[in-house]
Structures are given as structure tokens and as C-alpha cells.
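The block underneath contains the structure these notes are about, expressed in C-alpha cells.
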Amino acid sequence: MSAQTLAISNLKPNTTRHLASFHPNIWGDRFLSCAAESTDIEDDMEQQVERLKEEVKKMIASADEPSQILNLIDLLQRLGVSYHFEKEIEEALQQVLNMNSDSDKDDDLHSVALRFRLLREQGLNVSCDVFNKFRDRNGHFIQTLKTDLQGMLSLYEAAHFRVHGEGILDDALAFTTTYLESIVPNLSPPLAAQISRTLRQPLRKSLARVEARHFISIYQEDTSHNEVLLTFAKLDFNLLQKLHQKELKYISLWWKDLDFVNKLPFTRDRVVEGYFWILGVYFEPQYHRARKFVTKVINVVSVIDDIYDAYGTLEELVVFTDAINRWDIDCIDQLPEYMKVCYKALLNVYEEIERALSEQGRSYRLHYAKEAMKKLVQAYLVEANWMNKNYVPTMDEYMSIALVSCAYPLLTVTSFVGMGDIATKEVFDWASNDPKIVRVASIICRLMDDIVSHEFEQKRGHIASSVECYMKQNGVSEEATRDEFNKQIVDAWKDINEEHLQPNYVPMPFRTRVVNSARIMDYLYKDDDEYTHVGELMKGSVAALLIDPA
């Protein structure tokens, strides 16, 4: 797009800036006027949830056959209530692991695949050799398996937990995908829609709350549904939704008070989308303070990103980067007026959480979060230099910076800050030293983002993305580049699965945050950048999670 000039005080006159023209916030003040529920009603809902929760615990305890245990756990996960029973599920899956699973009734494709998936998801490294029994002498999957739709769907879901060198799971994914795609046109509309959704978003890459909201509506139409589980899931979803609505109202008021929409009109106004993003990282009630902090950080980072990408001159960005590195309010006088607004907001967000952490004796965590922010803006400045020189780096050079500028290392460290006693200094040391699982999640983030957004960014004037870098370095077409990147994304997911199975690793809650970050990218960037260009997928997802009750 054409360069535009925007006059702001303290700037050199007639400074030419390449503006991105992001579309405005589509939600208006909707979430500012979230109606407060009667505390009596919420108290009653909480009491019902606690009563039903005890009934579900009895169900888990009374399940003794492996298939019964596995199907119940699968159901609890899909309904979005498994977070209530983490200890019980861990013990039950350990029990299943120790059981003899060779009985005929647990030997069908569905049971074997479900057992494999749930155990791998729990971080237990079970062998993929369990699927050998479903192959013929030539190593191909037996064609009669296609008569078992439930088994084929379960095998498809299990195959997404593959790691490098597991050719049988590569074959399983190809086998099930080809078959499921072939039958969709001949199925009834509801079943066709359900399988199409599964093909687009397998459980390994789905967002927990989005999946729960969808599955609750499917499960209630099942005539064999368990009334206790359905009632529990709906009550729990609606109670959590009320909490999330209150959080978003609080965040929206904070955002409105900052008035970035008027003070920094060249930036993206995506406070609702930012909150949805963080809901994908963690939705559980115990992380309510963490969600508020990280949502504020992510929204300020979005503004900072736009300052580096779409507005600031190189001279201004050098000063801005130095100010963030110094992290001192006295630096504010060196900044142009528009940067002062953002800089003050950034320091205030961290100061607010630092006060809360100091009361708990955890203020050391902010050091890690601040260092991650400093690394991020340093990467932004390198990219701004490239842009200023019209420089196209090599892929290795580009990725060394882009895996930081994608902000996933920052998101990882920052998401741990409010996670309670389990977030030890050792966890922060680990997260701050480029662990492989964070690095490969960042690869997924960067490549998926670049694939869908590079055309828009090149039109407005932007650094060369990985797409342009790879095409230039290898002399190949855009289509060939996309194919190569998609292969790298597949490999990155295998790396994530592999890291998830490592013994003596960081605790599961931290691994889950990283996996969830990769899931968000797969969900929102599969066809377009749904954060920058809010489309039907984002609109529908926000409505399902934050507006419409179950």
C-alpha cells in the first residue's frame, strides 16, 4: 500500500511511514457491558458442580476394565472437565499401563488406539508396535479395518502422537486420512460435518475449550449419553464462562483506559482476540490471575510489534529498544510522544504483577519475564534494520531472529509467572535457555504465520518473510516453499511429541502450556491470520466460548 504521513507531536515533520491499515475492533464495547450474575445463582451452580464432581469421581473409581477406564477418560477430556480429575486420571492410566491388555475385548482397533493415545498424552512412552497386529504380511493396514469407523477415527487421532522413526504411525495417518476423506461425501450431513471437523482439527491440535463446547452439543444429542456427565459438563462450562467473561470485562476496561485506539491508531485493536489466545494457553480457574497478566502483556506486545513493523523509524526504534533494555521510567523523556504511551503501559503492567508477586515472595520471576521482553525487542530491531536496508537474509539467519520475534519464547516464560508454587526457579531457568520443545513450537508459529500472512505484509512494506528468504536462497516457487514448510511443521510436531515423552522432564503443566501454544497457531493460522484479519473462525470461536452458554 502507499506510504502515509501521520503527524504526532515530538516527531520530525513530514516523516514518511508505511502504515498497515488494520481493520478496527469488531466487538465494540460488547464485553464492557458483561452482565454480572447474581452471586446466589453462581453459588448454587458451584454447589451443583461440586456435588456432581463427587459422583464422577465414584465413576472413575468404579471403572475396573481397561476399555471402561479409557472410554470414560476420553469422554471427560472431550467434555472439557478432565482438569477436575488430574490425579485420578493419572492413577487410572498408570493402572491401565500395568494391566495385561491382551484380552479379546480390549484388542479391537478402537481400544488399542485409544489406549495408545491417552498414555502418550500422559507422557508415557508406549510402543507403536501395538499396531502391528492390524497389518498384513506386506506391512499394509488390513483393508477390513475400514468397516470399523470408530476404530479408524481412533487410529487417526492416535497417529498424531507419532515421533520420528515411527513409520507405522506415518502409514496409519495416511491410511485413515485417505479413507475418512473418501467417505465424507456419502455420509449424512451431521456425521460428514463431524468427520470433516476431525480431519481439519485432530484432538492433538485442538483447543480444549473449543473442543469441549462443540462436543457438549454433540453429546447431548446422543441418546445413550450419561445424564450426570452431561449436566456436570454444561454447568462447569457455563460457570467457567462467567469467570472468563468477568476477566475479559476487566481486561477490556484496562484497554479502554489506555486509549490506544485513539493515541496509537496505527496499531491492531485486538484485546478480545488476545484474551481468546490466552484462553487457549490455559482456561482453568486457578490461573485467573495469570491470564489477566499474560493477556495484558500480549496486547502490549502486539502494539510494540506494530510500532516496529508498521510505524516507527529506525532512529526512533533504536532509542525505543534502548529504553526497554534499560527498563527505567526516566528513559521516557528520550522517546517521541507516541512511544511514551506504549512504554509507560509496558512498565505499568510489569510493575502491577511485581507488586502481587512480592507479597508472595516470588518477585524473582519478573526478572525472567523482563529479560524475555528485552530479547524480543532486540530481535524486532534486527528485523527493522533488515527492512531499512531491503536486506533478504539467508534462512538460517532469518530463523535465528524470527524464532525470537515470533514472541513464543516470551509467551512461554510469561505464562509461567502466575502459575503458583509449582513454577520454581528451575522451571524458569529451563524456559529461558531455549529448550527444544519451545524452539519447535516457535518454528510452528513462525512458519504458519509466514505462510498465510506474507502476501499482505509484502504489499504494505515489510521485511522478507521465511517464504521470500527460502525462495531466494533455493530458487524455488512459492508452492514448493509452502510444501517444504508444511513438512517442517510436521517434523516440529513430531519433535513436540518426542519432547513430551522425555523422562525427568519439567512438570506436565509447563509442557502443556507449550503444546497449547502450538495448538493455537494450528487453529488460528491454518488458512489465514485470524488474529490480524478477524474472520468467521475467530468470530464463531469467541461467540462459542465467551458469549453463548452451553
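Sequential numbering from 1, following the chain as shown.
Keep in mind that glycine also has a Cβ here, set from the backbone N, Cα and C atoms.
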Quiz item: Among 305-309, 385-389, 420-424, 470-474, where does Swiss-Prot put the label motif 'DDXXD motif'?
Solution: 305-309
Quiz item: Within 10 Å of the Cβ of D309 (Mg(2+) 1 binding site), how many other Cβ atoms are there?
Solution: 22
Quiz item: What mean pLDDT does the predicted model reach across the motif 'DDXXD motif' (305-309)?
Solution: 95
